[in-house]
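Quick look at what Swiss-Prot annotates:
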type     : residues : note
SIGNAL   : 1-36     : signal peptide
DOMAIN   : 119-497  : domain 'AB hydrolase-1'
ACT_SITE : Ser245   : active site, nucleophile
ACT_SITE : Asp470   : active site
ACT_SITE : His499   : active site, proton donor
Amino acid sequence: MRKSSIRRRATAFGTAGALVTATLIAGAVSAPAASAAPADGHGHGRSWDREARGAAIAAARAARAGIDWEDCAADWNLPKPIQCGYVTVPMDYAKPYGKQIRLAVDRIGNTGTRSERQGALIYNPGGPGGSGLRFPARVTNKSAVWANTAKAYDFVGFDPRGVGHSAPISCVDPQEFVKAPKADPVPGSEADKRAQRKLAREYAEGCFERSGEMLPHMTTPNTARDLDVIRAALGEKKLNYLGVSYGTYLGAVYGTLFPDHVRRMVVDSVVNPSRDKIWYQANLDQDVAFEGRWKDWQDWVAANDAAYHLGDTRAEVQDQWLKLRAAAAKKPLGGVVGPAELISFFQSAPYYDSAWAPTAEIFSKYVAGDTQALVDAAAPDLSDTAGNASAENGNAVYTAVECTDAKWPANWRTWDRDNTRLHRDHPFMTWANAWMNLPCATWPVKQQTPLNVKTGKGLPPVLIVQSERDAATPYEGAVELHQRFRGSRLITERDAGSHGVTGLVNPCINDRVDTYLLTGRTDARDVTCAPHATPRP
């Protein structure tokens, strides 16, 4: 489940090389020997060998070329002194001399002295489909939380392959993508299910028609290889990395493929890296976690009934939600906000407790008779063509990566059985999430076997950060990665649930992230932090 994706979608989707490798690797960049074929017994074998050689060729080439930094284009909306550039990578790492694509990158230099500089810190915000180009703005915005880290590191962002300015892909016309209202995600009949299945199939077909050449190469391992090429282009021998949400899985895959290329790695709000979870089961697990965090928000709203007047028990708040949902299903608010748009708007509350008060306030206004506030918040803006194109692109990348990364059930009966059962006790998100991912059931290109994430030779301690009640990436994912990456440390924010907790308001977490990035030191044992304060109305 990508944040705000429901609201934004239109459907409810050789030999010569080896010789050159040896020559290039002897120069500017060390051979990523750890990225050779993982001994996982799942048939990657020769293809992984070819892609490992291709990644080495591309990294060596990038190290020689560097990056031509210049002022960012005006339509990138990045303030000076942030600089922008491109890094060239193979579309297919098995064919490193074949078609090339350009990846957009940006940076801002460290704010400290030359002697304080430790290198570049590269960021991925998640998705898949999220752009990291806003990361350097944490320096221009003078964020106090990042001030110490900014003294030591250049802040570097990038658009992953397929995203934004990096060979963007598309699955449907953006203006069609944002039209509303969408069909109610909760099916009322078998006919409703057939209609949603048709939309999902058409979306998958649209991805192939509009972006078919890129689809087979839209995988997390390829993005990890891209990340290593960016590292080399920056002139960095080792990677310093901060990944949030899906960015944690990207980091886990990178750490498995290139363990001896990691210097520091912070992963925050962790995707469960188990092959059994990527990606079908992971989305079912999300539905359970979202229901729990939805209830947390309802409890908070009830505790603040004096401010919101939505009921002083969770049951009363839920009753108001069901009434709103039923009204929108019967007659979309403002003609454009139905149940799908409501879920897209209200899902901000389970994602981030910073959204608790704004979401409750708009809900309260609706119950008090002000429908327009909710329409303004939940309806798409058809005049925002740039924003709509970005939203469509983000959803296309999400679908392409998750559908290509792993095998999904092709039998509709499996989807119907699992989601019908789950919906009974976890109704908030289940069917909406199912329809979003259903294009993977009819995906038109080969689906891969996920990498076996594990500790390789040279991997340093990785810092894992996780809130205990995170909805989008349930806590068990952090525990799983902690077990797989030997020597890692886990920081848990107890009884909290915000998704992405580094750089927020808990000094118990922020101070430890700072210490790790600046010194490499971690606590001798895993740490449990008290929760940050709950929001005020």
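Glycine too: its Cβ is placed from the backbone N, Cα and C atoms.
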Spatial neighbours, same chain, of the residue listed as 'active site, proton donor' - Cβ under 8 Å, 6+ residues apart:
Ser245, Ser269, Tyr351, Tyr352, Ser467, Asp470, Ala471, Ala472, Thr473
Local backbone state of Ser245 (active site, nucleophile), from DSSP in three classes:
strand
With the cut-off set at 10 Å between Cβ atoms, which of these active-site residues ends up with the most neighbours? Options: Ser245, Asp470.
Asp470
How would DSSP class His499 (active site, proton donor) in three states?
coil
According to DSSP, does Asp470 (active site) sit in a helix, a strand, or coil?
coil
